[in-house]
Amino acid sequence: MKEFWQTCVSRLEQELPPQQISAWIRPLVPLAYDEAQAVLRVAAPNRFKLDWVRKNFSHQIEALAAEWYQRPVQVTFELPGTSSAPRIPMAVPRPVAVSVPAVVAAVQQASEPAPPAPAPAPAAPAPAPASADAANIVYERSRLNTDLTFENFVTGKANQLARAAALQVAENPGTSYNPLFLYGGVGLGKTHLIHAIGNAMVAAGTGVRVRYVHADQYVSDVVKAYQRKAFDDFKRYYHSLDLLLIDDIQFFSGKNRTQEEFFYAFEAMVAQRKQIIITSDTYPKELSGIDSRLISRFDSGLTVAIEPPELEMRVAILLRKAESEGVPMPEEVAFFIAKHLRSNVRELEGALRKVLAYARFHGRDVLTVDVCKEALKDLLSVSNGQITVENIQKTVADFYKIKVADMYSKRRPANIALPRQVAMYLAKELTQKSLPEIGDLFGGRDHTTVLHAVRKISDARAKQAELNHTLHVLEQTLKG
């Protein structure tokens, strides 16, 4: 048993990053192996780690146990003290654990005014800490979603740089990438990544004070602090965090008092080498209604784009999601769905749920391409058409948050002229329409106007990285 567990840990070290080994595998303690029942019992230090290991690593441990014992083995996880069976000693070193009371105290201190220091008292034996309760307190205060981890984040060309940066931040918070600014369209995995960072840091067991907050909630916190005249408490809490995760910061637009308070929190945390991670739907300099001081601070760290997933990545996402649902999905079925639905991860997952529900309600035990065609016929009728100028106009208008009617109008403000020129450029690049035909579809404009727009955007694309990125995103959205 002892020899097996040492071999198991060694094998997992070859498959998993060091941080995961330290956070999840080394804290486990093998208790016993029941030869008759082929059951391996393993203890986890608290409920938080137990649930996580059972969900993310049990299949790997069971596979290694089956290989070692030459038979299928069931691995069960339990908390210390739930059984009288003796523990098996391990030669593998384990990290020093932070006491649960210290974690609880740190969390409480982060959210409440510090009470007066109590008078010294004689040392007394401490009661056994409620590990599961402490883990739950950390989780509830952090507002992290424990389902969003690095382990179940599908990586491809569209997000590999963002994932690499996120891993680096999780392992070395508050150093070179501070703040980390992730931007991209809806449903591309920004929220998943920042939760993964928070979960990894909490799991490392160092008692870090973490808070995930959507920008709207932060605004609400500021308003409540103002109404209750409790800004000192508000500042004490946010300034004391080790990791602050702000999602969709574009919602700070026009909220001057919120931006002012966030600026103070930002300055305080960075000065203490505490990590800040921000997501947005656009590049920092393209944020409207945001104080220039904040935009300057955002640019001082690392800014990484997450783009729409390419075909191979979309297939991998579908296969991973189907596996998590316990449903076998042939690769050709995943390929069919991925080929026709191209915009983002949420759309893919929604389509998969629709297919699974259709198959279940109609008694289809096996997923096939025909089942997908039936289940997704409404979605496919929209996505199957060729790229048209009308589709380009709508996609560009949605991206720049203007009306489609602005594409045909004679108005020329900058916030309309640029999107219109971008749409003309894409119409020339992605359709077979002639310049006069494109001009007609843009409110009867002359072909020389279209030619001017095409040349202007083409030249600017070669010189401006932000515009090139925008065009790349639009092209991939339109043609997959």
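Placement of Cβ uses the backbone N, Cα and C atoms for every residue, glycine included.
Note that the coordinates shown come from a computational prediction; the quantities given were computed from them, not determined experimentally.
The annotation region 'Domain I, interacts with DnaA modulators' is assigned in Swiss-Prot to 1-71.
Across the region 'Domain II' (71-142), mean pLDDT in this model comes to 47. The region 'Domain II' annotation in Swiss-Prot covers 71-142 and rests on sequence analysis.
What Swiss-Prot lists as region 'Domain III, AAA+ region' is 143-359.
The ATP binding site annotation in Swiss-Prot covers GLY187, GLY189, LYS190, THR191. If you take the C-beta of LYS190 (ATP binding site) and look for same-chain residues 6 or more apart in sequence within under 8 angstroms, you find ALA162, LEU182, TYR183, GLY184, ASP247, THR279, ILE306. According to its DSSP assignment, LYS190 (ATP binding site) is helical.
The region 'Domain IV, binds dsDNA' annotation in Swiss-Prot covers 360-480, and the record cites sequence analysis as its basis. Broken down by DSSP into helix, strand and coil, the region 'Domain IV, binds dsDNA' (360-480) contains 88 helix, 0 strand, 33 coil.
Most other Cβ atoms within 10 A: among the binding-site residues GLY187, GLY189, that distinction falls to GLY189. Long-range Cβ neighbours of THR191 (ATP binding site) (same chain, at least 6 residues apart, Cβ-Cβ under 8 Å): LEU148, ASP247, THR279.
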